[in-house]
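Q: I have a structure I would like to understand better, so I am pasting it below and will then ask my questions one at a time.
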Amino acid sequence: MASNETNEQTPDPQSPNGAGRPGGASDLAVRDASPLLYERKDVYHADTAAELAGLARRQIELAGEDAERQGLLKTPERMAKSWQFLTHGYGLDPDEILRSALFDEDYSEMVLVKDIEVYSLCEHHALPFFGKAHVGYIPNGRIVGLSKIPRVVDVFARRLQVQERLTLQVRDAVQRVLEPEGVAVVIEAQHLCMMMRGAEKQNSMTTTSAMSGVFLTNTDTRAEFMRLATG
Ligand SMILES: Nc1nc2c(ncn2[C@@H]2O[C@H](COP(=O)(O)OP(=O)(O)OP(=O)(O)O)[C@@H](O)[C@H]2O)c(=O)[nH]1
Ligand SMILES: [Zn+2]
C-alpha cells in the first residue's frame, strides 16, 4: 500500500502512464491494483482491470480534468472496480443459483418475495435505474430457498439492461427451474437517464410485469398477486 501511494505522489516523468497510448493501461494496473480487490473472483477480474482503468482515465481526461491531480489518482482503478461490480451478473448462472436450494414440499399457495431492491444499468446510457422487484410463484411440488429469488434478480440486474427484459428474464428463470404452476414478476423503477439528463423528469415511475401459467389464466390469482405485491 505505502509503496503504491509513494508511486502515485511521484509519477515517473519518463513513464507518464497516459491512457490512450499503447501500454498506458497496464502501467496503471501495476501501479494501482491492490491484491485484496480481486479476491471475489465472481465479481472482480484482474485480467480486464488494467484496460478498464485506462479507458476510465481517458474519459476523465476528455472531460477536461487533470488525471494526475491528487484526488483523481486512483479514480480510474475505482471506476474499473465499480464497472466490474455493476456488470458482474454476466458471470453468474441463474439456473445454478436456483437449483442450489430446491426442496420438495406440498405447499401449493402463493409464495411472494416483495420489495427486493433492484439496481441496474440502462443499456442505452449506462446510467442506473433502481427500484423494487416483487416475485411470486405458486409451487408445483417444490419450493426454492427464499434468498435465491433476490439473488436471481441481481444476476440479471447486474448487467446492461432494459427494465422490460430484466422482468422477463427473472420470470423465465424461475419458471424454467422450479416448473411451478405460475410465476409473476413486477418491477417498479426510476431511471436516472430520465432524471438527471434527457427528459429531466424527477418523479416518474416505470412499472413492468411478466406472468406465466396460472397468473395468466386465473384473474383472481393475478389480482391477489397484484394486491399483495403492490397494494
Ligand atoms: N423501454 C425502455 N427504454 C429505456 C430504458 N432505459 C432507458 N430507456 C430509454 O431509451 C431511450 C433511448 O432513446 P434515444 O433517443 O436513442 O436516446 P437519447 O437521445 O439519449 O434519448 P433521451 O433520453 O430522450 O434524451 C430513451 O427514451 C430512454 O428513456 C428501459 O429500461 N426500457
Ligand atoms: Zn437510459
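A Cβ is built for glycine as well, from the same backbone N, Cα and C atoms used for every other residue.
According to TrEMBL, the Zn(2+) binding site annotation covers C122, H125, C193. TrEMBL lists 1-17 with the feature compositional bias 'Polar residues'. Feature annotation from TrEMBL assigns domain 'GTP cyclohydrolase I' to 57-228. As annotated by TrEMBL, region 'Disordered' applies to 1-28.
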Q: Within 10 Å of the Cβ of H125 (Zn(2+) binding site), how many other Cβ atoms can you find? Include all protein chains, please.
A: 16
Q: Cβ within 8 angstroms of the Cβ centroid of C122, H125, C193: which residues besides those meet this for the Zn(2+) site?
A: L121, E123, H124, A126, L127, F129, H191, L192, M194, G198
Q: Please list residues from the chain of C122 (Zn(2+) binding site) whose Cβ is under 8 angstroms from its Cβ, counting only those at least six apart in sequence.
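A: C122 (Zn(2+) binding site) has long-range Cβ partners P128, F129, L160, Q161, V162, H191, L192, C193.
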Q: Within the domain 'GTP cyclohydrolase I' (57-228) only, compute the mean pLDDT.
A: 98
Q: Going by DSSP, is C193 (Zn(2+) binding site) sitting in a helix, a strand, or coil?
A: helix
Q: Is C122 (Zn(2+) binding site) helix, strand or coil when read with DSSP?
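A: Assignment for C122 (Zn(2+) binding site) reads strand.
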Q: With every protein chain in view, how many other Cβ atoms are within 10 Å of the Cβ of C193 (Zn(2+) binding site)?
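A: Result for C193 (Zn(2+) binding site): 16 neighbouring Cβ atoms inside 10 Å.
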